[in-house]
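Peer 1: This is the structure, below, for whatever I ask next.
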């Protein structure tokens, strides 16, 4: 029962085949056994989870339970969770117990789901390998010498290792889709504004978006139902009707027009990854889809644009970590200047400092027009590329990452690390939704197929992904754990 | 050399919203430190701002009142700097696209002439918290109750040429924002503060001199004194062959001087950029029109109406219209007595003198507008004369009676206009003063006029001041002349 998909598990609970408490106990035991090696959790909220599981079982016994009541999951440690340590993977917040919960956390709690804890992540969501966490790197469950991808690597690994059937992640430049691909799970980044950002520790506000990471598209649909919608506490969340994302999962694909962006199949793409992705596209053709080549001409500008905008916003968002009100404060500061400098020098890791410095530089007087303003102009061009492409096709497909998971410590140069996000970053700049679904292996390393859709077309995106998962079994493969 | 002073003001007006500009926390003054700061004001990780619509409406009404350009789109930006009372490490403000564009504010100069001061723009922003250095030994405390309080920063062009003009401008802004009801204008509580930019240049020179900015001046008087000090300091410096450096200075009211805070070299690079948590603010014309319909009669319009429709002097109209409370008080008094000039005289005369002596504002007057109106009504309909009126006013001030009619009734101050009763008193007075009557009879016509005053005085005295003086005059003259 612990290895079921999230949706299957929910059906099992509803049918009375097992109880939430049994699930939670089983998973907690697995976490205890496997996680010391995988390191996917920063905090396990054992007692709370059992309490909530019991409450959900009682609710179900009274016949008052909803679909998700008693369903176990985990939260990336970037979601503020009332009364629970919330670190964002940073020493800076190593002692921060959030006094309130993020809207996503509240919404999930309202449906009766049971959080088993907070998952490890790259510090402040900055990274593509989960090696930037203050709490140590996460291991890829398929091969412990490999990275799980970043920054939602803890969530991805926890799901892949069978520690939870689903976990919440956030995606600023690919942080849901790339680790989902590396770990062989399904991860959805919704349209920017579809899910509230309130209570999510901000990295780059105009790019951050929360989304589900689970075993199937159906799982993601169930979870998106729970978390989507307008939040009056987030001015950038969109006031728009939330459809039932499970309703059209089985809708026929007839006439589906798939666009393959030329730019996503060029230099630097691992041949094994390319082969898996092209095979997946053939599966769609066999289901009646038509495939055309399209162009996203500004693709090569996405990474430089992202590395202007994201650090700029981050440099400002991270100013509040100054040692004054909460979080890490240096010992015995000499004066205010010393308090700021040492608290930040001690509290932030290398990659975070690098991005703060880049952002501070690009926003500073004399450079703003050349960098930030220019980047915003390019961002509009990138967005327009997608709008133009979606005039011709229904969805776009390509690899989620140029390579499968690489070895821990293998990417020592920050710029080559940044290139990991080459196929995911533009999607955040454009604000459109994207999903990564398991689509094969290179050796024992999973490969993710990325599917993209127009703004707010998540229902269609999930429908397309689900169609693939009905005829393939890549998403059902599990790594062998001890 | 003849020097000319050039002054521009940045006035920070605290808007009278009940909650903060980006959170639901209260803005009430004087609460225990850090009791009116929620997660958003504290800058906790993950919190997001939500714009207070009322702050937008208030800023917009200010813009409409100064006839400013109102852009369709304005943008909130982050102004980044580190300070312990700035919780997020940035202040959300507006720079490139503020909510209020160019406009004009008219000021009244001492010689009675008017001058238009151009407004460069006005923008919305959040206030920071407050550092408390005195209460802790060797440490500082932070009170974030103020953090997130909505401010409207009104930036003038450098159009003022003297300290008097600057304080007149500040008064005009104060009058306007209190008229509009968008601020309580309480300077002692920090609801209005200003930064003063001062420079001097040789008279006739077109280019501006180097300016110094004096931060956070919080009274009309301090504005004048800070400018006076700065002007003298800069002129002395220049005449000694020195140079004014561009810097930020602080006014110390105790020492009556300004002191350097930081020079241009030490200035922050604020790294403004559009706040990604707040969408651009769009104001459609229907919303703007609706806010325009909510504007009250503005001080300038009111002043013109006082002059043209009520026939008041320019002087009276200026003073009565310069303050919303005074204007409202005056209009209520006028409505009750139906005599604008009489009302103006009393509000400006007896009432104002009494309030000044007691150190009270018109809002705190022990005599309400209704009470004063009731009193003036009795002067107008000749129930009492001017002398009795002063006594009634005094009794009302002491709060011994509810209204003028009660004082008049109980104290028997009703003016005697019954000619029969008056004739009786006059006869008594004539009879009691035979010597004076003889003298009157023997006097020339010219002298008689002066002597009449004696008899009037006696009659008034005998009537305990209640006689109608005009009537007494006429009757006396008639009777005395009949004796001649």
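Along the chain as shown, residues are numbered 1 onward.
Cβ from N, Cα, C; glycine included.
Pulled the feature table from TrEMBL, pasting it below:
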- A:76: active site, charge relay system (ACT_SITE)
- A:151: active site, charge relay system (ACT_SITE)
- A:175: active site, acyl-ester intermediate (ACT_SITE)
- A:22-462: domain 'Amidase' (DOMAIN)
Peer 1: Across all chains shown, how many C-beta atoms besides its own are within 10 angstroms of the C-beta of the residue listed as 'active site, acyl-ester intermediate'?
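Peer 2: Around the Cβ of the residue listed as 'active site, acyl-ester intermediate', 38 other Cβ atoms lie within 10 Å.
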Peer 1: Within 10 Å of the Cβ of residue A:151 (active site, charge relay system), how many other Cβ atoms are there?
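Peer 2: Excluding its own Cβ, residue A:151 (active site, charge relay system) sees 35 Cβ atoms within 10 Å.
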Peer 1: Taking the Cβ of residue A:76 (active site, charge relay system) as the reference point, list residues of the same chain whose Cβ is under 8 angstroms away and which are at least six residues distant in sequence.
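Peer 2: Once residues fewer than 6 apart are set aside, residue A:76 (active site, charge relay system) is near A:118, A:119, A:121, A:152, A:154, A:155, A:167, A:168, A:169, A:170.
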Peer 1: Secondary structure at residue A:76 (active site, charge relay system) (DSSP, helix/strand/coil)?
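Peer 2: It is in a strand.
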Peer 1: For residue A:151 (active site, charge relay system), name the DSSP secondary structure in the helix/strand/coil scheme.
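Peer 2: Its secondary structure by DSSP: coil.
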Peer 1: Just to verify a number: CA distance, residue A:175 (active site, acyl-ester intermediate) to residue A:151 (active site, charge relay system), in angstrom, no decimals.
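Peer 2: Rounded to the nearest whole number, the Cα-Cα distance is 5 Å.
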